[in-house]
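Below is one structure; the comments refer to it alone.
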Amino acid sequence: MVWISNPVSRLSGRILPPGDKSCSHRALMFAALASGRSVISGLLEGDDVLRTGEACRALGANVKQIAPYTWEVIGTGGYSQPDDRIDFGNSGTGSRLMMGAMAGFPIRVDLTGDESLRSRPMARVLDPLKSMGADVKGEDPDRLPLTLIGSSDLQAIDYTPPHASAQVKSAILLAGLNAKGTTIVREARKTRDHTERMLEGFGIELTQEAVGEGQNISIVGGQSLTPVDFTVPGDPSSAAFLFAAGMISPDADVTIEGIMTNPTRAGLLKLAYDMAELEDLERHTISGEEVVTVRVTGSGRVKRAIPGQELTAAMIDEFPIYAVLAAFAEGETRITGAEELRVKESDRITATVNMLRANGVEADELPDGFVIQGCNGKVPGGGVVDTMHDHRIAMSALIMGTASQEPVGVDDIAMIATSYPEFFQHMRTLGADIREA
Ligand SMILES: O=C(O)C1=C[C@@H](OP(=O)(O)O)[C@@H](O)[C@H](O)C1
Ligand SMILES: C=C(OP(=O)(O)O)C(=O)O
């Protein structure tokens with residue numbers, strides 16, 4: 001079913017983006033590991049997170065919604081044998097982190113996901129878990145479906161992940177919680193640090209030592225989590241679609257409230273201040289994270305700004321919408337060092353380049369990035385984008401259509417509900433014209 005985003009002359013309004021997806025997953029998982037009652041407010045109620053909630057329920061926790069966006073979790077202090085196979089849907093974060101968390105319990109769990117998740121690499125998490133003492137059975141040791149066999153006799157590990165991946169780091173730290181000895185993860189470049197921050201919030205002691213642009217994290221096994229009440233800060237990855245829409249609009253007055261500014265996440269927001277008219281209105285703290293309210297005004301002129309390698313991890317999920325901004329800017333944008341984009345919900349290098357090409361923008365793939373020729377405000381549009389069932393490609397294309405010369409279509413919108421179920425409502429509030437063709 002094709003959906004079309006028609007160009008509009010003005011976008012205005014004030015939006016509170018949904019709760020952060022990474023924090024929402026972790027809040028449920030950690031609360032389920034604690035003994036007792038946690039209340040999570042501002043939870044993202046996207047499909048990815050709801051599946052993590054179902055997985056926690058299957059593993060023995062009592063998980064229920066007690067008000068809109070507010071969930072109660074009664075954890076049992078560990079995970080117990082589920083009756084059925086656990087299906088993580090589209091979610092890399094849910095599946096990979098839960099594998100790590102499950103590995104330290106004597107349970108045997110069949111795991112699967114949707115077609116996209118079944119095509120994503122899992123050995124990056126399973127190999128270190130196996131060397132800690134977990135076992136894995138399956139046709140392909142690098143792909144779901146598979147069976148994870150946990151152990152109450154896990155051994156700590158000292159591990160340097162070969163990829164910049166918060167999911168790998170987190171899975172090992174969560175396994176380390178139930179391993180004998182001190183688990184150390186050495187990151188060459190620091191990735192999003194929600195696991196570290198939130199584990200501390202749940203009463204876990206860990207140490208973080210900065211090493212160059214990276215860090216070493218150590219966690220002593222055998223610690224227990226304490227239940228907490230946690231409010232999820234606003235998702236900078238969802239907010240990026242809103243501020244990008246304001247940045248390319250010919251007449252914008254868009255305010256986005258409560259965007260988490262955690263430096264391991266705010267790569268695109270940091271660049272955006274150099275690319276367009278963004279003004280900070282207010283800052284406060286939610287659950288230990290600073291959040292900012294940002295107002296975007298202007299007439300759609302986007303200046304080119306190229307992220308250094310130090311920002312790659314901090315905007316890894318924002319490259320598709322960043323590519324849209326680069327298409328509206330002037331001159332060439334060349335991105336390298338972002339090979340992880342190839343193993344997301346789609347191959348986001350191919351999907352992003354195809355999205356732009358289908359709409360008259362000159363773009364080329366690189367093995368680890370892309371090159372885009374900016375259109376100086378005049379993106380032709382007029383194409384239908386193959387979203388490759390990727391939520392972030394679908395939202396990026398629809399945002400592009402709000403300010404291109406001709407409408408932009410997408411072949412599918414269903415996946416948007418995995419991370420941002422309120423996207424259409426929020427875009428309509430701002431004045432976008434997105435409809436079924
Ligand atoms: O830990 C997390 O919450 C996430 C880590 C990132 O994945 P990688 O660890 O594969 O880079 C990111 O792309 C994903 O959306 C969420
Ligand atoms: C990569 C993403 O998520 P995940 O890895 O959790 O599927 C994303 O939301 O862009």
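Using the three backbone atoms N, Cα and C, a Cβ is placed for every residue, glycine included.
Just one of Asp135, Asp140, Asp317 is listed by TrEMBL for the same 3-phosphoshikimate site as Lys21, Ser22, Arg26, Ser165, Gln167, Lys344, and that one is Asp317. When the CA atoms are compared, the binding-site residues lying within 10 A of Gly92 (phosphoenolpyruvate binding site) are Lys344, out of the candidates Arg26, Ser165, Asp317, Lys344.
Contacts of Asp317 (3-phosphoshikimate binding site) defined by a Cβ separation under 8 A and a same-chain sequence distance of 6+ are given as Ser237, Lys344, Arg392, in order along the sequence.
Gln167 (phosphoenolpyruvate binding site) sits 11 Å from Arg26 (3-phosphoshikimate binding site), taking the Cα positions as reference. Here the binding-site residues are Arg26, Arg120, Arg392; the one with the fewest Cβ atoms within 10 Å of its Cβ is Arg120. Proximity of the binding-site residues (Ser22, Arg26, Arg120, Ser165, Lys344) to ligand 2: a Cβ under 6 Å from the molecule is found for Lys344.
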